[in-house]
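Student: My questions all concern the structure below.
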Amino acid sequence: MKIEKIFLYLAICMIGISVFFMPATEVPDEVKHADIAWHILYPDSDHIMDWEAKNDIINNPQPADADVNWSLFQQFFVEKIDTEQISSRFNFELKSISYLPQFIGMYIGKLIYPSLGVILTFGRLVNAAVYIIAIFYFIKYIRSGKEVLLFVSLLPMMIQQAGSLSYDVLNHVAVAGFFTFIINLLDRRTFGMKHLLQLLAIAILLAVVKLNNIFLLAVLAFVNFEYIDRLTLLNPFLKWFQKHRLVVLSLLSFLVAVVAGVYIHQTVGVKQFVAMMFNTLMNNNLNGALNTFLTTGIFGYFGWLTIPLPLWVVFFDIFVLTLLLFVDKSFELPKSEAIVLGMVFPVQVAIIIAIMYFLWTPQILGENASISVGTQGRYFTPFLLYLYPLCAGWKKNINIDIVEKTKVNLIVGTLAFNFIVYLILIGVYYWF
């Protein structure tokens, strides 16, 4: 069976179950995402549907055997809202693209049965459908790395997010879309008009979903290729750039470093910033979230940041992912390109932590805090994909061979085991 069909069957089953099994409103910031999506057409409806006031609407007071109050949960789905009192006004802006799937689903749910639970669930369903369809076609058309794309896209953390109202869906689609584009470019080494249009669409989606994603485009400067079709007239300029690439990129990197350094110096100070990055990523005594939300959260920290995936399961997932990164012998890269693409993961981690330090941390810890807070491991999960081209530079040095049938069984078995653990953890905490 083709890899994309394996993904399709697994994704429909796992994400479909998660949509209904994960209690409504219990995914991080889900009511916030519901509020933003709802305001695309109903920005003046807070007096009737204030989504952000629904955060604990289905929960038992703690301590309790189960977090979900079954009576309140039923009421959440059965009790209708008075939609006749809700006025509509189109309130769409560019960043609303991240919430279009959720809004479409929520609107359908409102038409079918206007209760909060039904509206939210249909938003989840459409969001999940967009995720499944997009990743299915990426796996189908990517020339190499199909198994890695499948595995990362169905890690427990992504299953939870794909079955929710989170913008993580389009974020992963954007990052995986660029991954597909860059892997195919590295394979064919040509760039035509069709590819330019693809890149423009991906770049817009990357920037709209999360601004830090736009830094992914920088890796194109390190890839060797040539223009074809109507773009061939640009080849002389491209060859000049490739010949002087080291000098040009060194100057650009220096300018970026100077601008960033000046900004950091004027805000918190370079020494304070370096100490903050070290404390956030290395000092668990200061950053209590380091080994929980930040690290374990890459693979699975479920519910409202309450249920961690056991570390021994995380270690096994890392082992399987490592095998998949090296086992594909059909795709190899020069070490220079491999290193640059592999740097995507740590660079994105640093960028996201820095952004959260300047934009979010002051609201929680005040100015000049010693750590950055608010970052969750799920922000990093899509960038695991870029470890694949990193490992492609060392496949000649590391010889791993797995029979195709064994490889498929390992992938399916690992993902199925992850999913069973996920369901048990959610069931025990929320339902039983």
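Any Cβ shown, glycine's included, is placed from N, Cα and C.
Checked TrEMBL, it gives:
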- 7-25: transmembrane segment (TRANSMEM)
- 111-139: transmembrane segment (TRANSMEM)
- 148-163: transmembrane segment (TRANSMEM)
- 169-187: transmembrane segment (TRANSMEM)
- 199-225: transmembrane segment (TRANSMEM)
- 245-264: transmembrane segment (TRANSMEM)
- 285-303: transmembrane segment (TRANSMEM)
- 309-327: transmembrane segment (TRANSMEM)
- 339-359: transmembrane segment (TRANSMEM)
- 379-398: transmembrane segment (TRANSMEM)
- 410-431: transmembrane segment (TRANSMEM)
Student: Counting only pairs 6 or more apart in sequence, are there at least 3 Cβ pairs under 8 Å between the transmembrane segment (285-303) and the transmembrane segment (410-431)?
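Tutor: Contact confirmed: at least 3 Cβ pairs fall under 8 Å.
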Student: Between the transmembrane segment (148-163) and the stretches 309-327, 339-359, 379-398, 410-431, work out which stretch tops the count of Cβ pairs under 8 Å.
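Tutor: The stretch with the most contacts is 410-431.
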Student: In the same chain, which residue numbers or ranges, 6 or more beyond the ends of the transmembrane segment (245-264), come under 8 angstroms Cβ to Cβ?
Tutor: 221-222, 270, 273
Student: Can you work out whether the transmembrane segment (309-327) touches the transmembrane segment (410-431), with the criterion being 3+ CB pairs under 8 Å where the paired residues are 6 or more apart along the chain?
Tutor: yes
Student: Which one of these stretches, 7-25, 111-139, 339-359, 410-431, has the most C-beta pairs shorter than 8 Å to the transmembrane segment (379-398)?
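Tutor: The stretch with the most close Cβ contacts to the transmembrane segment (379-398) is 339-359.
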Student: Give the nonlocal contacts of the transmembrane segment (7-25) in its own chain as ranges (CB under 8 Å, at least six residues past its ends).
Tutor: 31, 54-58, 67-68, 73, 76-77, 116-117, 120-121, 124-125, 128, 131-132, 135-136, 139, 150, 153-154, 159-160, 162-164, 302-303, 412, 415-416, 419, 422-423, 426-427, 430-431
